[in-house]
Amino acid sequence: MSTNNSTEDDEPKLPHGIVFQDIERTAGEEDDGQDKDQAETSTRFGSLCWPNFLSTIKEGDADDNRSKKGNPKWYQKLIDAGIEENGIQPVPLEGRTSTQYNQLFTVFFTGLLCLLPIPTGMLATLEFGLSLRDASLVIVFFALLTCLPPAFMGIGGMETGMRQFVQARYSFGLYLVIIPLLLNAATITGFTLMSAIAGGQTLAAINPSHVSINVGIVITCLVAFGISLLGFNFVHLWERWTWIPNLIALVITVGCGGRYLHLQSQPAAPATPAQILNLGSLMAGYFITFGGMVGDYSIYHNPRGVLSKSFSARARIFTYLYLGLFLPSVPLFILGAAIGGAVPQVPAWQAAYASTGIGGVMMEMLAPAGGFGKFVLVVLALSVIGNIAISMYTISLNLEMLMPPLPFKLRVHRFVFILVTMAVMIPMAVRAAKKWETSLINFLSIIGYWSACFDVVLILELVVFRRMDYATFDQAIWNVGRELPPGLAALGASMLSWALVVPGMAQSWYVGPIAKSTGDIGVEVAFVLTGLFYLPLRWLEIKIRGRF
């Protein structure tokens with residue numbers, strides 16, 4: 001693994017006291033004509049840009065140890081206060097010192113203890129026509145199963161010091177990883193849209209004549225933008241405590257409106273396999289996709305820390321991630337299914353749902369609490385901020401990885417990507433809110449297909465080919481394309497599986513010939529077939545290359 005040393009001598013002075021840092025050199029390299037040319041290039045760029053918006057990354061650089069000399073005082077104070085400056089660069093072992101493993105629980109527990117799972121659960125009874133009992137059983141079973149892959153994958157962030165999609169380069173390669181990277185960014189953006197819509201609908205329900213859903217969406221997104229902008233420590237700090245008001249608000253809401261939840265619509269016929277598998281695909285699309293982001297939140301944790309001889313750091317990371325995904329989501333899914341079954345039986349709820357979606361139903365449930373109920377509704381609306389914040393954080397990392405992987409390149413600061421994400425996300429959320437149920441069903445179902453391919457590739461790469469040896473993920477080659485795998489096996493296995501995924505898909509706009517009789521089995525087929533194809537293809541790839 002290489003070490004970065006910043007050159008601080010003879011730095012060009014720019015107007016208004018701005019200093020642009022010279023190009024970073026890998027330890028042991030000697031100055032030559034090429035370095036001088038690159039240094040001159042960085043100076044020219046520095047004269048046009050803020051010094052910390054742009055920096056240089058050379059092949060093999062692990063962490064971003066930029067000189068403090070070029071930072072403005074106000075900027076350096078923010079860094080010293082704990083605002084994260086690092087982006088996608090791997091964190092060396094000595095930088096992984098945190099033993100607060102329970103952060104991995106709270107960051108997802110708080111992020112998912114919000115409104116988003118409730119309208120998702122409502123689809124089980126309101127759209128798929130399942131009874132509350134059948135919906136609850138399907139939710140619990142598929143959640144128990146599909147929380148396993150992301151919880152296991154989250155260990156890699158701690159062990160390698162790499163973000164999730166940097167780890168993916170060791171299967172998909174430096175260039176072909178861009179395909180799942182774009183899909184992941186789109187997926188997380190979709191989750192952010194759904195959360196923003198739920199929060200916007202709830203704020204609008206407080207006073208529909210003065211606050212529109214669009215305004216509510218903008219408010220929730222702006223607050224989440226501020227949190228994700230501050231970085232890793234502030235995201236964890238926010239998520240560590242804000243679950244408390246979220247939980248209190250949810251309990252009050254159920255306490256006020258729960259007297260109507262027993263009024264459930266009864267399906268005309270027993271649940272069919274197609275209904276069960278369609279809901280199961282929805283649940284898989286919700287949980288499996290976290291495999292593309294869990295590793296982003298454990299890269300600063302100490303892989304050598306132990307609680308006891310039988311409970312290692314790996315076991316703690318897995319347990320906290322699994323419970324952080326499962327515990328908040330499943331009860332809220334079931335609550336949503338109960339609300340969805342009651343909406344057609346309660347005229348006030350039905351009218352409110354047609355007007356302002358889930359926010360209107362929450363307002364009706366809190367109506368007995370009067371003015372205090374409106375305050376609780378504001379808390380519920382703001383509960384989605386934690387979900388949006390972690391989504392924006394990961395999207396910014398994904399977009400940073402899309403920068404051209406050249407020996408000398410510009411690295412745009414992470415907050416620029418967060419700003420771009422917010423600018424794109426708000427109008428998309430406003431558009432998607434007009435067709436809420438259709439947007440949610442199509443999104444959650446489709447994302448599960450590619451996520452299943454991605455998760456199984458990374459799991460098999462680690463378990464079968466690298467034999468659980470995280471040391472084989474050499475940080476020195478994290479951005480060296482010729483040393484990383486070409487990615488043909490990973491991408492080829494994923495693409496081959498789609499020969500049966502497409503016939504097994506069941507969407508509002510397309511139902512495959514297999515799915516017509518079985519229901520949606522696309523996620524299951526994607527996971528199994530990708531794994532079966534990846535084993536021989538990756539073995540052949542390693543055989544030809546003579547190394548990983």
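Cβ atoms here come from the backbone N, Cα and C positions, even for glycine.
Annotated in TrEMBL:
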type: REGION; residues: 1-42; note: region 'Disordered'
type: TRANSMEM; residues: 104-123; note: transmembrane segment
type: TRANSMEM; residues: 135-153; note: transmembrane segment
type: TRANSMEM; residues: 174-199; note: transmembrane segment
type: TRANSMEM; residues: 211-232; note: transmembrane segment
type: TRANSMEM; residues: 244-262; note: transmembrane segment
type: TRANSMEM; residues: 282-300; note: transmembrane segment
type: TRANSMEM; residues: 320-343; note: transmembrane segment
type: TRANSMEM; residues: 372-395; note: transmembrane segment
type: TRANSMEM; residues: 415-433; note: transmembrane segment
type: TRANSMEM; residues: 439-464; note: transmembrane segment
type: TRANSMEM; residues: 484-501; note: transmembrane segment
type: TRANSMEM; residues: 521-540; note: transmembrane segment
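The transmembrane segment (372-395) shares more Cβ pairs under 8 Å with 211-232 than with any other stretch in the list 104-123, 211-232, 320-343. Remark: the transmembrane segment (244-262) makes no contact with the transmembrane segment (415-433), by the rule of 3 or more CB pairs under 8 A. Counted over residue pairs 6 or more apart, the CB atoms of the transmembrane segment (211-232) and the transmembrane segment (415-433) come under 8 Å in at least three pairs, which marks the two as touching.
Using the rule of three or more Cβ pairs under 8 Å, pairs at least 6 apart in sequence, the transmembrane segment (104-123) is not in contact with the transmembrane segment (484-501). Here the transmembrane segment (174-199) does not lie next to the transmembrane segment (320-343) in space: the count of CB pairs under 8 Å, restricted to residues six or more apart, is fewer than 3. Beyond the ends of the transmembrane segment (135-153), by six or more residues, the same chain brings 121, 124-125, 128, 164, 276, 279-280, 283-284, 286-291, 294-295, 318-319, 321-322, 325-326, 329-330, 333-334, 337, 341, 455-456, 458-459 to within a C-beta distance below 8 angstroms of the stretch.
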